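Student: Checked TrEMBL, it gives:
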type	residues	note
DOMAIN	164-267	domain 'CAAX prenyl protease 2/Lysostaphin resistance protein A-like'
TRANSMEM	109-128	transmembrane segment
TRANSMEM	226-249	transmembrane segment
TRANSMEM	255-276	transmembrane segment
TRANSMEM	283-302	transmembrane segment
Amino acid sequence: MAALGGDGLRLLSVSRPERQPESAALSGPGPGLCCWVSVFSCFSLACSYVGSLYVWKSELPRDHPVVIKRRFTSVLVVSSLSPLCVLLWRELTGIQPGTSLLTLMGFRLEGIFPAALLPLLLTMILFLGPLMQLSMDCPCDLTDGLKVVLAPRSWARCLTDMRWLRNQVIAPLTEELVFRACMLPMLAPCTGLGPAVFTCPLFFGVAHFHHIIEQLRFRQSSVGSIFLSAAFQFSYTAVFGAYTAFLFIRTGHLIGPVLCHSFCNYMGFPAVCAALEHPQKWLLLAGYALGVGLFLLLLQPLTDPKLYGSLPLCVLLERTGASETLLCS
């Protein structure tokens, strides 16, 4: 090497190939085709999830235990297979996330305790008014209520209740897995994190339109009321989906969105009309306003990515050459 002299060294330094940026090393189709693959993959997941609810032919209503058990089986099968769709998407697009598939989907230990507690606390703050309303209308005092909540018999009763299991366990877990953990990693490289927060819930909202079929089938209301109810349900499920997508991106964990989903299923949509007719309506309305105000004030601090460690979706976008600073910091 020394025998080459200065000119030889300069020649070698000039001819050495430059290191390619990581995004340039990614193989696969162009950005336009990648977006089509991402959207089609998300659409296929949504159709598979909803379609799994109707593979069982039955004349029974959706709340019948037999129907719920059958749907548990099909939904759990589809949800268990949904990560394969992300793997196929990765192969078709050539995008390499830089992390394991489970980490990308929010299954990781780093920052898991704040990820489980803080988003749930934030959601409970938002529901301060409804929680006050629930406590005012509850016939038992706080001590009796805590005894009921902590009693093993109460939990045993819940775990044998098919409707409770559906609303508080299976639906939150499978819906967040499919519509957040699987869809967001596929949409984010195409749209960016910000648009993905609002695009992903559209699949979630449309997926709830299947309730129209059963309502029309069992003539539970007039046609106009059913479609009006479906439009309203689409609206608030889309808003809720955007919120849990935001939580998933900012925390990098699936557990927070699942717990918040379960809590919101338990609370239901806030009974604002009942609050307006309540004997203590002014106190309740103050609670509603205070909850919304504190929620907006604490939304950024309680979802600060510094509390949760490295964010997998932000790492993914860095590797694909995209720059995301608003949601990643």
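Quick reminder: no glycine exception, Cβ is built from N, Cα and C everywhere.
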Student: Mean pLDDT over the domain 'CAAX prenyl protease 2/Lysostaphin resistance protein A-like' (164-267): what is the value?
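Tutor: Taking every residue of the domain 'CAAX prenyl protease 2/Lysostaphin resistance protein A-like' (164-267) together, the mean pLDDT is 87.
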Student: Per DSSP, what is the residue count of the domain 'CAAX prenyl protease 2/Lysostaphin resistance protein A-like' (164-267) in each of helix, strand and coil?
Tutor: 95 helix, 0 strand, 9 coil
